[in-house]
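Colleague: Sharing a structure below in structure tokens format, with a few things to ask.
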């Protein structure tokens with residue numbers, strides 16, 4: 001769908017404008033506002049310093065298409081029936097009668113525009129989308145691919161729009177690919193290899209790089225190296241390879257941060273910027289070498305599920321420190337929060353919670369007792385459904401394959417290194433979190449218990465653990481269904 005850009009000068013307006021900046025793969029673990037010191041996200045950190053950042057923000061699925069389809073519709077993946085990255089008919093497009101963020105705003109007098117990555121299965125309905133034009137370039141140190149080329153076009157389109165905004169209130173999404181280019185970096189450095197030299201020191205490995213006991217984590221997580229092509233390619237990396245991976249991730253993050261800076265400067269170059277609420281977020285995170293993981297796949301560790309969620313602008317009361325006493329779910333909460341701030345009624349069927357009271361500095365009377373993330377499959381080569389329940393202190397995960405479970409004390413063990421699910425001392429807490437999962441399944445009409453596992457035995461035939469990986473991965477040995 002084409003986008004006719006408005007050329008009228010912005011005027012003062014009662015309703016706030018909204019600029020949503022989303023960066024694919026952006027984990028909290030690289031954002032300065034969340035305590036990181038690499039200096040990768042200075043423009044994002046500046047926005048955060050003026051507003052509110054939520055620490056415990058968890059996505060509905062640590063995979064692009066299910067997460068995005070859920071985000072823009074305010075529904076969970078089992079409700080949208082977009083459960084993987086596959087196209088139709090494996091996944092179905094969101095029905096036309098389902099209210100979306102774009103439809104609610106466009107029907108309320110807003111100009112709703114979207115630039116950049118979609119991967120939405122119809123959930124961006126209501127937004128006018130402009131497809132970015134890829135602008136190739138070269139990089140002296142790190143491989144760049146179409147992800148980075150498309151971001152150049154996305155940035156140019158968003159800057160052009162925000163430099164000359166419409167008269168009516170607008171909601172604009174600048175949807176960047178990076179740091180997703182990290183996936184291409186893995187492909188360029190697959191298997192045992194010698195890394196290209198880079199300028200500057202290599203980053204250190206995270207404290208939770210090593211897995212202490214492969215036998216004490218669920219089967220699907222033990223064998224991600226068989227299920228996910230990028231994990232197959234990285235299975236036999238040495239520690240220096242992983243450090244180069246982190247350096248590359250930081251590099252792609254700095255690239256997109258510069259583009260975020262350009263978009264923000266365009267926004268604030270006109271009077272409309274003073275009346276615009278900025279939201280910065282991500283569809284999911286990245287392993288960042290934690291648990292020897294790269295990119296994201298069958299796991300719910302915080303590096304993959306805990307994302308930046310930042311608000312700043314008119315009516316948003318600056319917080320001196322991150323909001324860490326609330327569990328938030330951008331997947332469900334973004335839609336009602338923005339509708340509340342814009343004075344738009346939220347459909348009764350939407351399960352999210354408006355965070356507007358917290359953003360205004362008021363008491364948050366309604367909050368989540370727990371939040372959930374879901375997993376089904378990436379491209380149906382291996383299907384291993386799972387669920388995560390994150391409570392105020394503990395994180396519980398369950399996988400249908402092997403009835404696998406994890407329980408982590410997120411206060412004592414934020415790196416999720418010691419699985420307590422089999423520890424008798426935690427049997428009561430485990431039972432409580434099993435009950436929370438049952439509550440979610442019942443309340444949200446989740447079909448989780450009826451789903452089927454499909455994992456070829458050839459993807460489970462070596463000693464558990466990525467360094468022990470043997471043979472090709474599922475993508476190479478199985479035909480797509």
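Every residue, even glycine, has its Cβ placed from backbone N, Cα and C.
According to Swiss-Prot, the feature 3-oxoalanine (Ser) maps to 64. Annotated Zn(2+) binding site per Swiss-Prot: 225, 226, 462, 469, in sequence order, evidence recorded as experimental evidence. Marked as region 'Disordered' by Swiss-Prot: 453-481. What Swiss-Prot records for 472-481 is compositional bias 'Basic and acidic residues'.
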Colleague: Counting Cβ neighbours within 10 Å across all chains shown, tell me which of the binding-site residues 462, 469 comes out on top.
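Modeller: Most Cβ neighbours within 10 Å: 469.
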Colleague: In three-state terms from DSSP, label residue 469 (Zn(2+) binding site) for me.
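Modeller: Coil, per DSSP.
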Colleague: Would you mind reading off the Cα separation of residue 225 (Zn(2+) binding site) from the residue listed as '3-oxoalanine (Ser)', to the nearest angstrom?
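Modeller: Checking the Cα atoms of residue 225 (Zn(2+) binding site) and the residue listed as '3-oxoalanine (Ser)' gives a distance of 19 Å.
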Colleague: Other than its own, how many Cβ atoms are within 10 Å of the Cβ belonging to residue 64 (3-oxoalanine (Ser))?
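Modeller: Around the Cβ of residue 64 (3-oxoalanine (Ser)), 21 other Cβ atoms lie within 10 Å.
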Colleague: Distance between residue 462 (Zn(2+) binding site) and residue 64 (3-oxoalanine (Ser)) at the Cα atoms, whole Å?
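Modeller: Checking the Cα atoms of residue 462 (Zn(2+) binding site) and residue 64 (3-oxoalanine (Ser)) gives a distance of 29 Å.
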Colleague: Rounded to the nearest Å, what's the C-alpha distance separating residue 226 (Zn(2+) binding site) and residue 64 (3-oxoalanine (Ser))? Just drop the number here, would you?
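Modeller: Counting only the Cα atoms, the answer is 20 Å.
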Colleague: Could you state the CA-to-CA distance between residue 469 (Zn(2+) binding site) and the residue listed as '3-oxoalanine (Ser)' to the nearest Å?
Modeller: 26
Colleague: So how many other Cβ atoms are close to residue 225 (Zn(2+) binding site), meaning within 10 Å of its Cβ?
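Modeller: Within a 10 Å radius of the Cβ of residue 225 (Zn(2+) binding site) lie 27 other Cβ atoms.
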Colleague: What number of additional C-beta atoms lies within 10 angstroms of the C-beta atom of residue 226 (Zn(2+) binding site)?
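Modeller: I get 28 for this one.
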Colleague: Suppose the Zn(2+) site is 225, 226, 462, 469. Which further residues of the same chain have a Cβ inside 8 angstroms of that site's Cβ centroid?
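Modeller: Close Cβ neighbours, site residues excluded: 223, 232, 235, 459, 466, 468, 470, 471, 473.
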Colleague: Per DSSP, to which secondary structure element type does residue 226 (Zn(2+) binding site) belong, with helix, strand and coil as the options?
Modeller: helix
